[in-house]
Amino acid sequence: MSAIERALSSLSTVILGKNQQLKLSMCCLLADGHLLIEDLPGMGKTTLSHALAQVFGLKYSRIQFTSDLLPADIIGVSIFEKDPDSGEGAFRFHQGPVFAQVVLADEINRATAKSQSALLEAMEERQVTVEGYTRQLPQPFFVIATQNPSSQGGTFPLPESQLDRFLMCLSLGYPDERAERELLEGVSRRHLVEDLQTVISPETLVRLRQAVEGVKASSAVLDYLQRILAFSRSDARFTHGLSPRAGLALLRAAKAWAVIEGRTFLIPEDVQAVLEPVVDHRLKSGAARHILENVAALA
Amino acid sequence: MTSVALPRKALLLQVLAVLSSLVPHLGYLPVWLYLMVAFVLGWRWLVYTGHLSFPGRFAKLVAVVLACVGVYTLSGGRISLEGSSAFLISAGVLKLLELATRRDGIVVVFIALFIQASGFLFNQSILYSLQGIGTLVLACAAMVATQAATRTGLSSQVPVFGVTAKLLLTALPFMLIVYFLFPRLGPLWSVALQSDSALTGLSERLQPGDISELSQSSEVAFRVTFDGARPARNELYWRAMTLDKHDGDGWDKSVLDAAQLPMPAIIEEATYDYEVIQEATGQAYLFALAGSVSRDRDIELTATRLLRYDRPVYQRIRYDVSAPIEPVIGPAFDSELRTAPDLYLALPSGANPMIREWARELPSEAGQFAKAFVRFVREQPFYYTLKPPRYGEDDIDQFLFSGRRGFCEHYASAMAFAARAAGIPSRVVAGYQGGEWHPDGYLTVRQYDAHAWVELWDGQQWFRVDPTSAVAPDRIEYGLQRALLEEDTFLEESPLSPHRYTDIGWVNSLRLQLDTINYQWSRWVLAYDGETQKGLLSRWFGIDALVDGLYIIAGSIAGLFVIGALWQWWQQRPEKRKRLILIWSELRRTALKKEITVGEGTAPLSLLAEIELTYPSLAAQCHTARCALIQVYKSETEDMLERAEKNLARQLQLLNRQLRRVRPGAEATTSGNIQKRPV
């Protein structure tokens, strides 16, 4: 049993009946991308992110986004402190919650654009600059942001350019009947999460990410990927096509998927498997299905 | 077969083509249709941006019902030309709401072309023809962009307008052949699609105000080219119909206008020979100078010496006419005025007592009477105006003795009435007077040249008297615009009409040039009919029989097609498609036949797994093919790829052969719970 399979099976003891989503979120982590989860409250978003941090042995923190959240609440702040020994005062930087390896940004669309962009900049640069001093964020750095799609009153929806920063957008959905019963019968998820063992050490994670880099994409698969990009750029269903960055993201996610499937080369099915979470939030809902129906896998 | 997606470019071009096709119809479309167009465009835009989805069945039903109700109120339940095309247009515009796949796109392109073509029922001038070409280009480009949507999704690379230009230029010779040689067939069926407003012209009843209303239009009524001598302007009285029944209110068309006389031989002595190109009137009357005869077979001579077409004129027609320089309008029948003088003397009893009284004192000899009446009009303070007051009871009395303001129909009506009261047979003639001489030598007669005058019987023949010439000599000598100079009411309702600004040099010369182009257009292009075609065929090719002509047409078209096809084949000899792709699509077709669901996007490995699942007997070959496929995906160099693809092609072909032999349903599939995803 490979490390990935073990990680998956221990995750699935906490999040029941959501194997596909678990795989995809792991895929996102392996591909070194950030994850956006769009779902109603109480669907297990927090549990999932906490469990992921636990299984990968990563430092976890959570930021609840509200409309009065300030960038300093995310990044951290310098405070003037007196050294008790020498009695001399100096500014000292107190790290904000963003200095963690897995950051859960809960209800990211509740905060103002200013605070959102503070986090999104950190996501892109993997470092924060406060008062002219640049601080590296810990590695690996993985942001899981959540959004509530149903109540949009008083929110600041993420613009397209920032949606593009998330490699994938998932929604968990209600559990099926059997999983739900199991959930009701079992013990509290919180205890389960706390008891989760680290299955993949940070060193293994680094190795896995190297494996993702090393997945071979033959020209047959790259052709398919390019057909998808070209189709999205000309089809009347879409107002705009996929950007080159989106194309790279799709390739990276597909490679991570191949690693999860235990392969060292890409096949079109890898692209198809990650197409929906990677593409739908960048184009529009239903985009992936339209692409799957219209772009030939071999041509 | 799943529907093919529509490229963005095609969507835009299709919408533009439909909008462009609406242009010829803009004049008469009701306001609600404009609102509908805006609404549909707005909705489609929101669908495009993702803010709305395509309308559901219910919304579409509501839209169709509303459009039907709108069309019904427009036409009032009758089948009219406007109603029918409004129906077509609303259907075409609503189709934009469900424009999502290639199939819809093709339908929309055809609808746009049809809407454009139906616009020619309303207007055939060269400007609209050019606009039609514009629509044709847009529609063709939309078609090219639609068809360019390939499964590979690389449609954006097709140079849409380049391909369109090539297509249209290729079609040009065919168009010319068909235009010149295709038999002009009569309509296969004929629905009286009488237009409500599209045809302006004289009506069969003349009431005060009719001609002044017609004078608001600058539409062309007909154009005339004289061969040789031209009459003076004040002799250009174009007779259209005679009105001899007066009922106290207006004048009605003579029953004798329908009676037919044998067409006399062409007059040999001094004549004006001229050719008329007449616009559609929806009625059978033609326009001719007094005493005109024509040799055209479709033209009849009426008892009132008018020329008449043998059917209503729904299309522009052309005819040749000769008229004597000194016309004589004889009696309808020899015995006409002896046996039935009542026809031209009848007056409704009671009305207008003053004029009856006054007329009794006028001379009863026709010539003397005319002079006396004209003198009366000239000496009294009569006024020629487009805006006469409304005369109520005893309107002729009021006009003649107190109001004294009127347009030509008032003067003509009053004079004809007075003549009858004086015992002189009289009738009102409606038609056109004058026209505009164009520098190129032809005469354009417009609706505002409509006129009414009087003919009196002097015991031997009818002679023309125009009381309007007494009150407004400018009207006869120079035209309506000059006559109304003081009043400034010429084309009052169309302030932008270039006809109002004939005194501005460049406007006038531009207008005249446009008119020439339109004249040449209608003379040489639109008036090319079956007769001209026959003449052309016999002159150029010596063919007299239509059947031979048909053979020639079919032969030349077929010949051109063969040449074109050969050229096309030579130009792009089928590019050698990769054998692997051919085999792959063949395998997919076979799989579909063998009840395996396979879509456009189905990836090869998934299809192999599906085949193996459905037909376990093929597991071995599926496995071999899978290994070959994986080699393709694993290959790192072009060399390796080529070899792997060759091998894969062979394996897929083998699998295809085996798959063809299995019978669907023959093998019990193992439980559907097997993990379908391969690898």
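All positions are counted from 1 along the displayed chain.
Placed from the backbone N, Cα and C atoms, the Cβ positions cover glycine too.
TrEMBL: automatically predicted annotations, no manual curation.
Summarising the annotation, TrEMBL assigns coiled coil to B:634-661. Per TrEMBL, the feature domain 'Transglutaminase-like' maps to B:400-469. Marked as transmembrane segment by TrEMBL: B:31-47, B:54-73, B:104-122, B:128-146, B:158-182, B:549-570.
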Under 8 Å, at least three CB pairs between the transmembrane segment (B:54-73) and the transmembrane segment (B:31-47) (pairs 6 or more apart)?
yes
Write out how many residues of the domain 'Transglutaminase-like' (B:400-469) are helix, how many strand and how many coil, based on DSSP.
23 helix, 29 strand, 18 coil
Would you mind listing the long-range same-chain contacts of the transmembrane segment (B:549-570), meaning Cβ under 8 Å and 6+ residues beyond its ends?
170, 173-174, 177-178, 181-183, 537, 541, 543
Local confidence of the domain 'Transglutaminase-like' (B:400-469) - pLDDT mean:
85
